[in-house]
Amino acid sequence: MNFTKTDFVISMGMTIAVIFMSFTFPALGMTGDSVQENEIPEFNITKGSADFAREQPEYPARPSEGTLTYKNNSANWADGRQTYLQKGDTEYLVSFFDNSDNQNPPEWKLNLIKFNSSGSYSESTIITEGESKTLTSADGSYEIGFNNLEIEDSAVGNETASVDWKVLEQPSDSTWIGRLPVVGGLISGANQLASVVGWIGAIIWHFVVQILVTIGNTLLIFYNIFVYFLEFMYWITTAYSGVVAGAPTAWASVIVAIPGILLGFEFVKLVALAISLLPLT
């Protein structure tokens, strides 16, 4: 048994005829009830799909220098006006922004902030072109130097500038064993290595989860298409049955039913062919 080109043409033609009659005949008042828009199954290919909103784990190294850039009206701080020096239970952050509240000339402000469960502690200073400034965190752990302020635009609403920063002092291992010569370096190196290994594991898991979510969403797309096909077939069968039943005469019902009968034969043939291809038959 084969599903030939002729079978395909008949199936497509009769499907179009059934859909056409189901929509147009009632609308023209020839037979059946008019199709209501809210009765048509809604197709949502992404129904039930999962969102992958996890951020990629950051490398655990402590940055030692860089450039902060401020651009007024930039979205979500995407211009790079802040940088985390350290993340974890206690976090340190440097930030750079215009403190003049849209006044001209701008007043460029630097912040060094410490966050932990007890609260936040901020040290700040104003910097102008040609100046070098230093900020020390509230607990004395970090000392940051700032220089090379470059102002690209001072116009109100378009303030844009950048400044270079560099870590002059940063936290070290505070335990007595961590301060021992050689041993302290080994422990610090081991801790850093463990952090990097953990980061590699987190990166691998991040991509594994992303792949699993992608595969799951792809399978869900095919499932949604299949379910919609069944829902649409049920709806169109119901609508078409109403068209056939509402024909004004018996002969009209027979004529209107011909496309559905032919389509039914082709569908049965297709199902029989699919069953014959199963490995157990």
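Using the three backbone atoms N, Cα and C, a Cβ is placed for every residue, glycine included.
According to Swiss-Prot:
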type   : residues : note
REGION : 8-28     : region 'Hydrophobic'
REGION : 196-216  : region 'Hydrophobic'
REGION : 219-239  : region 'Hydrophobic'
REGION : 255-275  : region 'Hydrophobic'
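Within the chain, the region 'Hydrophobic' (255-275) has long-range Cβ neighbours (under 8 A, six or more residues past its boundaries) at 1-3, 7, 10-11, 13-15, 17-18, 21, 25, 31, 240, 243-244, 247, 281. The helix, strand and coil residue counts that DSSP assigns across the region 'Hydrophobic' (219-239) are 21 helix, 0 strand, 0 coil. Secondary structure of the region 'Hydrophobic' (255-275) per DSSP, as helix, strand and coil residue counts: 21 helix, 0 strand, 0 coil. Across the region 'Hydrophobic' (219-239), the model assigns an average pLDDT of 83.
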